[in-house]
Number of protein chains: 2
Amino acid sequence: MKTDIEIAQSVALKPITEIVEQVGITFDDIELYGKYKAKLSFDKITAIQENPVGKLILVTAINPTPAGEGKSTMSIGLADALNKIGKKTMIALREPSLGPVMGIKGGAAGGGYAQVLPMEDINLHFTGDMHAITTANNALSALLDNHIQQGNELGIDQRRIIWKRVVDLNDRALRQVIIGLGSPVNGVPREDGFDITVASEIMAILCLATDLKDLKARLANIVVAYTYARKPVYVRDLKVEGALTLILKDAIKPNLVQTIYGTPALVHGGPFANIAHGCNSVLATSTALRLADYVVTEAGFGADLGAEKFLNIKTPNLPTTPDAVVIVATLRALKMHGGVAKTDLNQENVEAVRKGFANLERHVNNIRKFGVPAVVAINEFVADTEAEIVALKELCAQIDVAVELASVWANGADGGIDLAETVVNAVENGGADYKRLYSDEDSLEAKITKIVTEIYGGQSVQFGPKAKTQLKQFAEFGWDKLPVCMAKTQYSFSDNQFLLGAPEGFDITIREFVPKTGAGFIVALTGDVMTMPGLPKQPAALNMDVAEDGTAVGLF
Amino acid sequence: MKTDIEIAQSVALKPITEIVEQVGITFDDIELYGKYKAKLSFDKITAIQENPVGKLILVTAINPTPAGEGKSTMSIGLADALNKIGKKTMIALREPSLGPVMGIKGGAAGGGYAQVLPMEDINLHFTGDMHAITTANNALSALLDNHIQQGNELGIDQRRIIWKRVVDLNDRALRQVIIGLGSPVNGVPREDGFDITVASEIMAILCLATDLKDLKARLANIVVAYTYARKPVYVRDLKVEGALTLILKDAIKPNLVQTIYGTPALVHGGPFANIAHGCNSVLATSTALRLADYVVTEAGFGADLGAEKFLNIKTPNLPTTPDAVVIVATLRALKMHGGVAKTDLNQENVEAVRKGFANLERHVNNIRKFGVPAVVAINEFVADTEAEIVALKELCAQIDVAVELASVWANGADGGIDLAETVVNAVENGGADYKRLYSDEDSLEAKITKIVTEIYGGQSVQFGPKAKTQLKQFAEFGWDKLPVCMAKTQYSFSDNQFLLGAPEGFDITIREFVPKTGAGFIVALTGDVMTMPGLPKQPAALNMDVAEDGTAVGLF
């Protein structure tokens, strides 16, 4: 069996100029990055503002398990299949972070015959967006520390700096550091830490900004620290939003690439799905909607985090609302939600499928609460049995949700035709009538309570002592009308990663809030959230190499 | 008077595809980065290996003073003028670091009517080379700390790790840090520090590597730490040279841009000129030599550092040796070397010019020791007087060195015609017969002694206690046959920055050595060397912005 990189390298790529002609983009509209990658110019983005807006399909998933669901792969395969059945389709996806690529993942641009290409470039530096975000984030840190060093006119309390530095690597040793040591000319000693770049608020901002002006306004609104008088210090107080915008002026332009089947793909931005909203950029999705009739996009983690945030945080920034939501599941993962151990997943277990279905069912119902029709997509595996499939279809019929098997990993576009037709039917006849779960005017407590009770299926919300204090402060600072961004384990509806299936009766405790006033949301932490991964004992990097002709080796 | 960025933005750039046609490069030979930047493919680099090799002109300078010499500006103007008088010329330059751009400089791509364009891009992310180097450098750090965290099989002594992390920013607070704090899962606590990216050994390696294979071999040879048994630990022991090469596979390809006059320019790599060799990449210079009849390139700092390293370290890696060396000076700077204070430079002072000439004279004699003809280029300023110019010309005649005034900043190519003609004469009739100052077989002490006595004009070399111990160790490790890379103040021939002119009778003390076995040289430290600059009270970043149409503001 071929690996992902072998499949990717066996494809004869078309020049990106040729790919984008399908959607009315010419050579003058783009900035090439090599022959197979490009950024779309602002002139073109402006020129298409009055174009009709296409249909929007969000791909999400059940709560993930180590068995894997294949959400990106399914998104790409669905878009390829939609094109194959005659719908002019584009795809909008997140771009991968180098850290996990060098660590465990090896690569993250779909898989099998459902990949975006050139996968080597997308997984490495791509068009430099991550590097620009890293640079902007760390320039802000350097300018902040320099402000303190040069007299601290704003009265910044160096014990209350919340802005951290970042690197786009898995580097646990940088999680908690002390900087400014050695001499008075080396700055003011203080505690600091590094997150991975995709956890930077600047990534979230880049993914929500609608243009350069909005980008600058959001950057200006980042809170970086508090003064000795406990007042927030914003980027605008440091007067560096112009420089940060300059550093990001190209990174904000959406990137154009292609799938194995030549579907034009916008791969742009990739914020975390816990401490941020987990979706590709608003600019990429909006642009795709103005260029194509159908747009497939995805949201990170399971639907309780990814789709909830897509629908409550990202959607209000888009020119349209979703016409259908595809929920990806596998029989293997449903069996795990039904209590089967990972080692036993290759054995038929219809009862476990029935039991695990509760997880899928809750996600379907949740999507319906937003007024959008759901379609279930089963990502086929060799070990799936006929009896399991029959049982699942029966269960889906009982709750009146369409379900299709898809084999896009193995068969590419052909493996997604049935799914594509079902999705088109949902889009055209599903009667989508989007409503947001909460309004900005709801208090932070009310927003969180709605998410916990209506989406997670929990009983109630508790606020820890720190969170309670912050609720008062945030109201005082005028931050309480912002949307909420929940930081919770992706593995369970609850805040306990081991509670699989569809747990009930649980409480969620909000330990602390983190203001992301630039991005425009308040993060609610339900526990410890990892914002800097570590490397495993045998990092993927150990297998990487480059052939003498420049071909990448060891990405997969 | 127009600023540099105003001049740059007033030029109608030609597509880079059109620019490179002049030197036989087609669309298929390059990878575009937007319309005005490109990287040259390895296929093309391989295809031109048998091309005839052009004439090589190195531009260097007297010891710099705050009055400024304008070396990059002169290099660009000379290349434009050579093209204007009918010589097919390319230029090979270093690429700027973002740190100083955000700090004091605002920009570094020539000035006035002698600039490489697009200056905004070159000064910001360009084609991502700096980011790739930052990433490779820090990936190595993360993999090293991970090795220790995962059991430390190699027995690395965490008190003797010499590999530091980097950022491409001026960030003094990161000079000295403690990492790995907080918990056993956050790694092993230890001291670390961040250099600016251009100080990374990986930058020096990228600039000396002749192809991907050589790049990988040099990366494998980096020493990162010592074991508890005091044995060196190399990158090859960590088995990550493949991954590092993969991260750098595009960064190693030379970047193509244009000057204001449409001269094709290779702007690629930019190592420090104290702890590294201070020249653009070997690949850029070699490529230019195989595409053009004349190649103008430059070396960092004054000729005692930059030209010495170009001639002793870089030249042996090139397909030819220099045919002429241009030494840039200004009357203002000569007056400072002659004892005039910065505030009095606008007053005529012929005596000070005569006195300061000693600095220039020693540089001319030094270049002649390498068997290469020297030409003096005086970068014209408004305050220069006729009497000063006459005096300088007289002094140059006495030592039989050609001298020309040039006004390329104000007048572009037209301002450099006389200089170009004189340089052509030196190239064609100067009888260049390059010889290296030392041989690899000389001991480190002998190499340093030759540099200090024959180039600096010093009396002798002292080795401090640490340096003495290292000399023994390095011989044991087999590092003593490498070239020497002197780390010394750029302002004086001596190691005392206040000794201007042509000091004599001084000693140089080598405090410590730093092995750069990947780059292939041993750095000799004569004092404290700043490898991480700080930001000033009013950083250039405060004036930066981007207009709504995407135009850069505040670079200069």
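The backbone N, Cα and C atoms fix where each Cβ goes, glycine too.
Under the heading ATP binding site, TrEMBL lists B:T65, B:P66, B:A67, B:G68, B:E69, B:G70, B:K71, B:S72.
Its Cβ placed at the centre, B:S72 (ATP binding site) has 23 other Cβ atoms within 10 Å. Applying an 8 A CB threshold to same-chain residues 6+ apart, the list for B:T65 (ATP binding site) reads B:R332, B:A333, B:M336, B:H337, B:K342, B:Y491, B:L500. DSSP assigns B:K71 (ATP binding site) to a helix. Between the candidate binding-site residues, B:P66, B:G70, the densest Cβ environment within 10 Å is the one around B:G70. Scoring each of the binding-site residues (B:E69, B:K71) by how many neighbouring Cβ atoms lie within 10 Å, the top position goes to B:K71.
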